[in-house]
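Asks: Features from TrEMBL:
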TRANSMEM  B:12-37  transmembrane segment
TRANSMEM  B:57-80  transmembrane segment
TRANSMEM  B:92-108  transmembrane segment
TRANSMEM  B:114-137  transmembrane segment
TRANSMEM  B:146-164  transmembrane segment
TRANSMEM  B:197-215  transmembrane segment
TRANSMEM  B:244-262  transmembrane segment
TRANSMEM  B:282-306  transmembrane segment
TRANSMEM  B:318-338  transmembrane segment
Amino acid sequence: MDWIVPLILTVITASTPLLLAATGELITEKSGVLNLGVEGMMLVGAISGFAVTVSSGSAILGILAAIVAGMLMSLIFAFLTLTLMANQVATGLALTIFGVGFSALVGSGFVGFPLDPLPSLSIPVISTIPVIGPILFSQDFLVYASIAIVIATGWFLTRTRAGLILKAVGDSHDSAHAIGYRVIRIRYMATLFGGAMSGLGGAYLSLSYTPMWAENMTAGRGWIALALVVFATWRPGRLLAGAYMFGCISVLQLHAQSAGVNVPSQFMSMLPYLATVIVLVIISSDYTKIRLNAPACIGKAFRPAQ
Amino acid sequence: MIRLEPRRSHSQAMVYLSPVLAIVMTLIVGGIIFAFMGKNPLEALYTFFILPISDSYGVSELFVKATPLVIIAVGLAMGFRANVWNIGAEGQLTMGAIFGGGLALYFYDSQSVFLLPAMLVFGAIGGALWGAIPALLRTRFNANEILTSLMLTYVATLFLSYLVHGPWRNPEGFNFPESRPFPDAGLLPIIYDGTRVHLGTAIAVFVVIAGWLLLSKSLIGFQLRVVGKAPQAARHVGFRQKRMVWFTLLLSGGLSGLAGLFEVAGPIGQLQPSISPGYGFTAIIVAFLGRLHPVGVLFAGLIMALTYLGGELAQISLGLPSAVTGLFQGILLFFLLACDVLTKYRIRVGSVATKGGAV
């Protein structure tokens, strides 16, 4: 049973970046904006967080830099799609292509730098309880933050006035505008929140999950986060479950080899991607469920009548 | 405040002017980035965009790099017109290389003249099959083709890696993750001596012409244009969206597979873990830059091919990281999307004109 605690710990660290990025995208999409640039924003967040942490020696500064970098990336997206009304799908793809190139360029000077992972916040006494202690009370603070944020998101969307306004903007921008809400401004804020969370998710990868920088280190996690939002049918509670399920799958591939499963490593590495496809198929085939939960105006440009 | 004022009709001039504007703006921003990196901007831009094509060999390399970009982008452009977002061309390219290349490896001592044509067919089938999966999932299960086609790209790349590390590794090699070299009968003939320009380049030109005819003269081409511009009208007259999804994904998948086969049977000559520097993704930009039109794609493919050549040269002579290429490609697409706004809207600076009549 010695292996089970470290296994659960790796599942938690593997799930956290997905959860962070997907929570941000959920809010963005709830406002009616589809930002496909999550992968690019995560990469830029990852390199910004890593570079600033290495240069300044402060992980807090690094994390802040990643958040700001993610927001700047999403600001480019928001300006193009919300102000200039460019196609959201194409702009999201451009954001990812740009993010891959930009992060690789900035990161070329940081390949191979060692970094200590984020310190875990061991809560005195209770973190020494066997099994439960290390799993529940001895994580780094971003793990706690990610869970707190997803719970807060659920509360925000269902229990607050601002959350209801956000959903109204995503479901019917014309009605929301007619009642007097500033559709474009609200969408800007939701998109910026998405960028901040993607940046944070990227920083978690480069500062804690694998404390280093490598080109394209997100390896499709941004796209998996996008799929998770659909899987969760835009509900934060299901998002939490989904992110941890995917964390399990990606850890499975790492541990199967050492457990003596005789399958070539490449096939194990395919698992998260295949699981994403399968999960998307299962959820999407229930057409009414998607219709009922998807923001009705997702991906549609809005131009206020003057 | 910046305001957008709708034009009465789309500006045709802006449709063609927008790529030019975007390229100029990218060059300006590129110069600024080079200056930030401590290089002389003019010298760096010269090295990036002029020097690579300053001799005839350089120009021939431009054709070699443009070949896969143009072939893939012609297919993607058809899909984008009908709002079918195949962004997994890189995976379809890889599957084409595996299918066609696998045939060459199976008949590795063949001298048959039929080997190469069979490889072309297999390559196209491999890519089309990989494109058929997102088509099936979209039409049958309503799953978003953007996400499924991209996920399948990772699967295809890993599968190729497995093959060249395992069953298809060259038994006479030095344990490198590479296949046997293809037999001469399985290599594309060089069509211009002293260069690497191969038969695939000629086929790329043919693909452009065929794509143009398809789009302008055929019923399905007409349907593609209508579905993209007026989906409601298209439904009304009974054009079936599902057929568009199948057609565009099979077509773009098949063309991507063909492009992948051209790479392994042309410049590379064997299977190896990495067979493309992201042609499948760059082709997305090529399709937009070429205005989703086959002839435009031809020119756009040459321009984007230049960013690869320039990136390689800048890496060697200026010590710039090769990632600069990707950065430029991303910036170009941003500017292009921004400039495209001008085809539908005029930009007005200032407050709303109706107040007091001042403009």
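Cβ coordinates come from backbone N, Cα and C, glycine included.
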Asks: Report the listed stretch (B:57-80, B:92-108, B:282-306) having the maximum count of Cβ pairs within less than 8 Å of the transmembrane segment (B:197-215).
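Replies: Comparing B:57-80, B:92-108, B:282-306 against the transmembrane segment (B:197-215), the winner is B:57-80.
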Asks: Using Cβ distances below 8 Å and needing 3 or more such pairs, separated by at least 6 in sequence, tell me whether the transmembrane segment (B:12-37) contacts the transmembrane segment (B:244-262).
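Replies: Between the transmembrane segment (B:12-37) and the transmembrane segment (B:244-262), contact is absent.
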Asks: By a Cβ-Cβ criterion of under 8 Å, what residues six or more beyond either terminus of the transmembrane segment (B:57-80) are in contact with it?
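Replies: Those are 51, 86, 89, 93, 192, 194-198, 200-201, 203-204, 207-208, 211, 214-215, 224, 228, 247-249, 251-256, 258-260, 262-263, 266-267, 276, 279-280, 282-284, 286-288, 290, 292-294, 297-298, 300-302, 304-306, 308-309, in sequence order.
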Asks: Which bits of the chain, at least 6 residues beyond where the transmembrane segment (B:282-306) starts or stops, bring a Cβ under 8 A of a Cβ in it?
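Replies: Apart from its flanks, the transmembrane segment (B:282-306) reaches 15-16, 19, 22-23, 49, 52-53, 62-63, 65-66, 68-70, 72-74, 76-77, 80-81, 87, 89, 204-205, 207-209, 211-212, 215, 256, 329, 332-333, 336-337.
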